[in-house]
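*Asks:* Dropping a structure here in structure tokens format, bear with me for questions.
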Amino acid sequence: MKTDKKKSGIEPKVFFPPLIIVGILCWLTVRDLDAANNVINAVFSYVTNIWGWAFEWYMVVMLIGWFWLVFGPYAKKKLGDEPPEFSTTSWIFMMFASCTSAAVLFWGSIEIYYYISTPPFGLAPNSTGAKEIGLAYSLFHWGPLPWATYSFLSVAFAYFFFVRKMDVIRPSSTLVPLVGEKHAKGLFGTIVDNFYLVALIFAMGTSLGLATPLVTECMQYLFGIPHTLELDAIIITCWIILNAICVACGLQKGVRIASDVRSYLSFLMLGWVFIVSGASFIMNYFTDSVGTLLMYLPRMLFYTDPIGKSGFPQSWTVFYWAWWVIYAIQMSIFLARISRGRTVRELCFGMVLGLTASTWILWTVLGSNTLLLMDKNILNIPQLIDQHGVARAIIETWAALPLSTATMWGFFILCFIATVTLINACSYTLAMSTCREVRDGEEPPLLVRIGWSVLVGIIGIVLLALGGLKPIQTAIIAGGCPLFFVNIMVTLSFIKDAKTHWKDK
């Protein structure tokens with residue numbers, strides 16, 4: 001069927017610089033993987049040890065800002081004049097769907113192992129204390145604190161969308177109240193947008209780098225096809241081709257249906273793990289972990305370990321705070337767009353409660369299952385990681401469940417669909433951000449979307465070639481540094497403009 005939707009052209013000043021920068025970095029990495037790994041280790045050490053404290057203070061300050069929004073003068077302000085576009089149930093379900101990416105399935109299953117084997121606060125590895133704090137740290141990293149920071153930025157973007165009626169497709173559009181129209185639309189705004197795009201490209205590449213091995217390991221388990229880097233590259237290529245076909249043939253409705261299937265299948269798979277793994281233990285472990293979280297929360301918030309130098313807060317807390325920072329603008333734009341018509345307080349409470357429930361369910365069920373398999377000596381996670389890699393260890397936590405073949409098919413389909421929708425979202429977001437103003441009824445050009453999906457795929461392959469989690473962690477942390485400042489500027493711009501246009505009556 002023909003469509004009358006218009007296509008908008010690329011914006012050279014934000015299209016070519018990120019393309020060139022990322023292309024050069026990928027080329028330099030592939031030229032010498034060993035040298036690249038040395039640089040990666042140096043960058044990771046410098047940023048986390050020298051500037052890790054800044055990410056921790058950023059999260060705390062944004063949390064204070066959340067309380068100001070909820071209980072301050074803007075709490076009852078509506079984000080747009082229209083009634084809410086979606087029912088509260090649908091709204092929360094859409095937020096849950098945004099949490100069920102393949103990268104989340106990756107971390108949810110294996111993260112607790114790292115916390116138990118290399119615990120914080122001087123605890124002995126694999127001790128009772130380490131196990132007690134393992135899930136508590138997952139609930140900390142994926143709980144109310146980061147979602148509170150996202151809700152603040154979501155309010156900011158919803159304000160610009162629905163109150164100020166701005167067409168926001170890049171962060172520079174929101175900076176006019178802070179730096180003036182001349183700078184926001186000039187060189188300064190262009191630099192901000194390029195920082196945002198380069199960081200977003202690497203973030204999406206890392207998500208693909210986490211997701212792909214899960215699918216290829218599933219293929220090895222189900223079909224006996226050996227997992228190799230070549231197979232990873234082939235699978236990524238197939239996803240890119242599938243995405244191109246979907247876009248070219250106007251199958252975006254099919255992609256949306258796939259996204260819904262992913263959400264329902266996520267509920268089904270989590271329910272299955274919850275029932276067969278040990279529902280009573282999971283609920284008891286969760287309850288105990290919430291208490292542990294509340295007991296250790298002040299130290300977790302500010303833990304940098306300059307005396308013990310264990311490296312735990314740098315490797316995990318700073319890494320995850322950078323992860324949240326780097327995805328903040330993209331996620332907040334999406335969450336803002338589905339929150340039209342709601343009050344500031346409603347958006348803040350809804351996001352923190354709904355999204356915290358989503359991530360806590362994921363991490364509690366999957367993390368508890370991994371811990372049980374380790375405690376019962378069903379799986380030797382360290383040996384699996386040493387001999388076969390992290391992805392194989394994750395697959396084995398699913399394969400160890402009853403009806404293993406059916407379970408693995410469900411997990412395979414879930415990971416495959418999650419990655420297809422990831423690539424589609426990546427290409428669409430990057431294409432929208434690198435084209436001229438895209439208004440209602442317009443779409444970014446097909447070749448631009450395909451081009452960005454290819455580049456994201458290449459980054460995923462490069463990170464897989466480097467091997468291990470450190471390159472992925474470093475890519476996130478390096479990308480999070482510039483966006484740390486961009487997010488702050490967007491926040492300050494909102495506060496400044498709201499004082500003028502949301503005057504107290």
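Cβ atoms here come from the backbone N, Cα and C positions, even for glycine.
Here Swiss-Prot flags 10-30, 50-70, 92-112, 143-163, 195-215, 231-251, 263-283, 316-336, 347-367, 403-423, 446-466, 475-495 as transmembrane segment, drawing on sequence analysis.
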*Asks:* Please figure out which one of 50-70, 316-336, 403-423, 446-466 racks up the most CB pairs under 8 Å against the transmembrane segment (347-367).
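*Replies:* Comparing 50-70, 316-336, 403-423, 446-466: 50-70 has the most Cβ pairs near the transmembrane segment (347-367).
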*Asks:* So which residues does the transmembrane segment (263-283) touch in its own chain, when a touch means Cβ under 8 Å and the partner is 6 or more beyond its ends?
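*Replies:* Contacts of the transmembrane segment (263-283) (Cβ under 8 Å, skipping residues fewer than 6 from its ends): 93, 96-97, 100, 361-362, 364-366, 368-369, 372, 398, 401-402, 407, 410-411, 413-414, 417.
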*Asks:* Can you tell me which of 143-163, 195-215, 403-423 gets the most C-beta pairs within less than 8 Å of the transmembrane segment (446-466)?
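*Replies:* It is 195-215, which has the most Cβ pairs under 8 Å.
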*Asks:* Can you find at least 3 Cβ pairs under 8 Å between the transmembrane segment (50-70) and the transmembrane segment (195-215), where each pair is 6 or more residues apart in sequence?
*Replies:* no
*Asks:* Out of 143-163, 316-336, 403-423, which stretch has the largest tally of CB pairs under 8 angstroms to the transmembrane segment (195-215)?
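*Replies:* Comparing 143-163, 316-336, 403-423: 403-423 has the most Cβ pairs near the transmembrane segment (195-215).
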